[in-house]
Amino acid sequence: MPHAAHAHAPAAPLSAHKSGPLSGRVRPPGDKSVSHRALIFGLLAIGETKIEGLLEGEDVLRTAQACRQLGAKILRHDDGRWSVWGAGLGSLLQPTETLDFGNAGTGSRLMMGVVAGHPILARFDGDASLRKRPMKRILDPLALQGAQVLEQAEGGRLPLVLQGSSEPLPVEYKTPVASAQIKSAVLLCGLNSPGQTTVIEAEASRDHTEKMLAHFGATVVSAPHGPHGRKITLEGRPEMIARDVRVPADPSSAAFPLVAALIVEGSDIVIEGVMTNPLRSGLLTTLQEMGADIGLENRREEGGEEVADMRARFSHLKGVDVPAERAPSMIDEYPILAVAATFAQGETRMRGLSELRVKESDRLEAVAAGLRANGVDCEIVEDDLIVRGGRVAGGAMVETHLDHRIAMSFLVMGLAAEKHVTVDDETMIATSFPAFRPLMERLGARFS
Ligand code: S3P
C-alpha cells in the first residue's frame with residue numbers, strides 16, 4: 001500500500017531540457033480535491049464506500065491516515081480501487097495521536113470542519129509549508145459553530161488543538177474570500193448540526209463538497225447569489241449512506257502536459273478523462289483566449305462530473321488580460337499559466353492574485369522570482385502579475401519552497417526554454433502527481 005513519504009526526505013534537484021515534439025496519449029492522476037473528499041465522506045458514511053481512480057499522492061494518503069485515526073477502516077485493493085468503511089456521522093473516534101497532514105492544506109482544513117462538528121479533541125500538524133499557512137480563516141467560522149481552539153501557533157497556525165462540539169450550532173456564514181476550503185469546513189461541521197447551515201460566497205468556488213454531500217444522501221441546495229456568487233444551504237444530521245465514487249482526472253495536474261504541448265514546437269498530444277467542471281476550467285478558457293489549439297473530444301460524464309479528452313497542439317500564443325473574477329476557477333493554475341505567458345507574444349496581466357500568497361508557498365513571489373532568474377521580463381503590481389512574453393533564456397535554478405506546482409511549472413518551462421531549467425527540489429511533486437516525470441517522459445519530455 002502506498003504510504004506518505006517521510007516528511008524530511010532530502011531535497012532532490014531536477015533539470016528539464018529543451019525537448020523535441022511531444023506526442024502520445026496520457027491520463028493524469030485522479031483529482032486531488034475529489035480524492036480528499038471521497039475519503040472524508042467515506043469516513044462519515046455507514047457502509048462501504050468504494051473509490052475508483054483515487055489519487056495516490058502524499059497529500060491524499062495523509063487524509064486517509066487521518067480518517068483511520070478517526071475510526072474508518074481503509075483498504076487498497078490489488079486492482080487499485082480503495083474501500084472505506086466509515087465510522088459514521090456522529091460516531092467518530094477520539095484520535096490518540098496527532099493528525100499530521102504533511103503538505104496538505106485541503107486535507108487539514110476539511111478535517112478541521114469534521115472534528116469541529118464532533119465532541120472530540122484533535123491535534124493538527126503539518127510540514128514547514130503547512131505550518132506557515134493561515135488557519136484562522138477556518139477556525140473563525142468553526143468557533144461560531146461551537147468549536148474551541150485550545151492551542152495554536154502564533155497567528156492561528158499549526159500545530160493546533162481543536163475541541164469539537166457535540167451540538168454544532170446552525171450558522172449562516174459569508175466567506176471573506178472565495179475559498180472552497182472555508183466553505184467545505186463550515187459545511188462539514190454543519191453536517192452534524194441539528195439545524196440548517198448556510199454558506200454564502202461572493203464568487204463561486206469549486207463545488208465538489210456540495211456534489212458529494214448530495215451523492216451521499218444529504219439535502220443540500222446551491223442557488224445563485226449576486227452576479228458571481230452562490231448560497232449553499234445544508235440540512236444537518238442526514239443519514240449518510242456509503243456510495244461508490246469514481247474520481248476523474250485532475251485538471252490541475254492535466255495543466256502541466258497541456259501547457260507543455262502548447263509551448264514545445266510540433267507537439268500534438270491527447271490528455272484523457274480530464275474533469276471539465278466549469279468551476280475548475282478557468283485555465284482552459286484563458287489558454288483558448290490566448291489562441292491555444294485545444295480540442296475537447298469524447299465529452300461524457302464520469303462519477304457525476306463532466307469529463308473530456310483534451311487534444312493539445314503546439315500553438316502561437318498571444319498575451320491576454322485575465323480578469324480577477326476568474327481566479328477561483330483557476331486558482332492553482334497561475335504558475336503554469338505564467339509559464340505559458342512567457343512563450344506568448346505580448347503582455348499577459350493576471351489580476352487579483354492575493355490568494356496566491358497563502359498557497360503551499362507565496363506563489364506570486366515564487367513565480368516572479370523563478371521567471372526573472374530565467375531571463376523573463378515580469379513584474380508584480382499590487383496583486384497582479386504581469387508577464388512579458390518572448391525570449392526565455394533558462395539556465396537558472398528555481399527555488400520551489402516545498403511547492404509541488406512551482407516545481408512542475410518550471411520543469412515544463414525548461415522543455416521549451418533555450419537552456420535547461422533546474423528546480424531545487426522535485427520531491428514535493430509526489431504530493432499531487434507522483435507519476436509526473438514518467439508521464440511527461442512518455443510524451444517525449446527530457447529531464448535529468
Ligand atoms: C481546494 C481549494 C483551493 C485550492 C486547493 C484545493 C479544495 O483552495 O487552492 O488546492 O479542494 O477545496 P482555497 O479554497 O483556499 O482557494
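Numbers here mean position along the shown chain, with the first residue as 1.
Using N, Cα and C of the backbone, Cβ positions are placed for all residues, glycine too.
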Which one, Asp140, Asp321, Asp332, Asp384, is listed by TrEMBL in the same 3-phosphoshikimate site as Lys32, Ser33, Arg37, Ser179, Gln181, Lys359?
Asp332
Stated TrEMBL location of region 'Disordered', expressed as one of 1-32, 65-96, 193-224:
1-32
Same chain only, sequence gap of 6 or more: which residues have a CB within under 8 Å of the CB of Lys359 (3-phosphoshikimate binding site)?
Gly105, Arg133, Ile331, Asp332, Asp403, Arg405
Three states by DSSP: which one describes Gly105 (phosphoenolpyruvate binding site)?
helix
Using the residues the record lists for 3-phosphoshikimate (Lys32, Ser33, Arg37, Ser179, Gln181, Asp332, Lys359), what whole-number Å value is the largest Cα to Cα distance?
19
Taking the Cβ of Ser33 (3-phosphoshikimate binding site) as the centre, how many other Cβ atoms fall within a 10 Å radius?
28
Between Gln181 (3-phosphoshikimate binding site) and Arg363 (phosphoenolpyruvate binding site), how many Å separate their Cα atoms?
18
